[in-house]
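Chemist: Have a look at this one.
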């Protein structure tokens, strides 16, 4: 009789699950229940991620509106700058027609100006720019010998500097507009879809905890975008990877398009609050390029200053009037060029902000998409618990902790040590949270 009772007890024990080192092992049914609870948490995190995606999308749209406003200001400043530059060029041409006047006086002063200008410039270069003084000295000698005092007298260096600056500004603007237009075409197609406009975000159409047939409500099946992400009958179950991968690909493409040239713009904006004449880096660059930077130092040489003050009105009264007109238009052109630089710098910053937001969008969405990419079967669990061990069943697990092995979709197994008992109501929430954190961390490292 005792033997019979013992056998009955053993059978009952086996039906309730095997015992290991005094602890009852987790049954398959309990593992399924834990997987269901963990999957609900992952589903909630996916919904939160999509809500954040929409918030970032709103910020991108706001940044784009600010960019449009800046673009309008840039176009206005560009028009004024070009008008002033045209006036400057026209007046310069007229002045060149009378450059023979006072030529003897200017040439005498120029011969005394050149040695001082060369010495002053080379001292500056050796002290500030340092590299390649010998080559620069030879280049400067040729530049001064080929230049005329008339070029000096009409501030030809300032005119040339403006023209070069205008060329670079146009080049920079072309680069930024090309990058933005490439990204904008992708973002327009991405954001115009009702997936991003539905309120509130609802992931039930791909959730294993609800009907999947609601997916068709989010897309216009006639659009190219819808055809790309719905290569299957309209009312069939949606595949997680097919749903998300196109979004991730488009966001990634938009970010790449924006960053293609934006961070390699070959132009240094003038530093805010720093006078142009004290911008040593720009002066060094000009001196190395064609020696015109040396003409910035003309005020340090007496004979050079005298050339600038030569009055030829006795020979031709209209010449001094033209020179004054040139000076006025030159000042206006420099003023609008500086304004354009400031607006261009703000525009670039706005573009960088958009690029940064696209990066956030990419990072926020990528983990969802990458998880979806791992899904190769119809398993209804986002998170699947495969093993659970405590100290009683596995002596290597410290007392009071629980060792859990899980899989997110079809990902690699993730081993977690949880500072809670299985009986804790928050146990699976902690497991799911830790699993997602580990997955995101590994994704970033890869």
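In case you wondered, yes, glycine gets a Cβ from its N, Cα and C as well.
Here the structure is a predicted model, which means the values were calculated and not measured.
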Chemist: Name the residue range among 78-81, 82-85, 86-89, 90-93 that Swiss-Prot annotates as motif 'Nuclear localization signal'.
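Modeler: From Swiss-Prot, the annotated motif 'Nuclear localization signal' range turns out to be 78-81.
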Chemist: So what's the mean pLDDT when you look at the motif 'Nuclear localization signal' (78-81)?
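Modeler: Here the predicted model's pLDDT, averaged over the motif 'Nuclear localization signal' (78-81), is 94.
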Chemist: Measuring Cα to Cα, how far is residue 290 (N-linked glycosylation site) from residue 145 (N-linked glycosylation site) in Å?
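Modeler: Between the Cα atoms of residue 290 (N-linked glycosylation site) and residue 145 (N-linked glycosylation site), the distance comes to 13 Å.
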Chemist: Can you check which residues sit near residue 103 (N-linked glycosylation site), meaning Cβ under 8 Å from its Cβ, same chain, 6 or more apart in sequence, and list them in order?
Modeler: 149, 150
Chemist: Can you tell me which of the recorded positions 133, 145, 353 is spatially closest to residue 316 (N-linked glycosylation site)? Compare CA atoms only.
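Modeler: With Cα distances computed to residue 316 (N-linked glycosylation site), the winner among 133, 145, 353 is 145.
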Chemist: Including all protein chains displayed, how many Cβ atoms other than that of residue 353 (N-linked glycosylation site) lie within 10 Å of its Cβ?
Modeler: 16
Chemist: DSSP helix, strand and coil counts for the motif 'Nuclear localization signal' (78-81)?
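Modeler: Tallying H, G and I as helix, E and B as strand, the rest coil: 4 helix, 0 strand, 0 coil.
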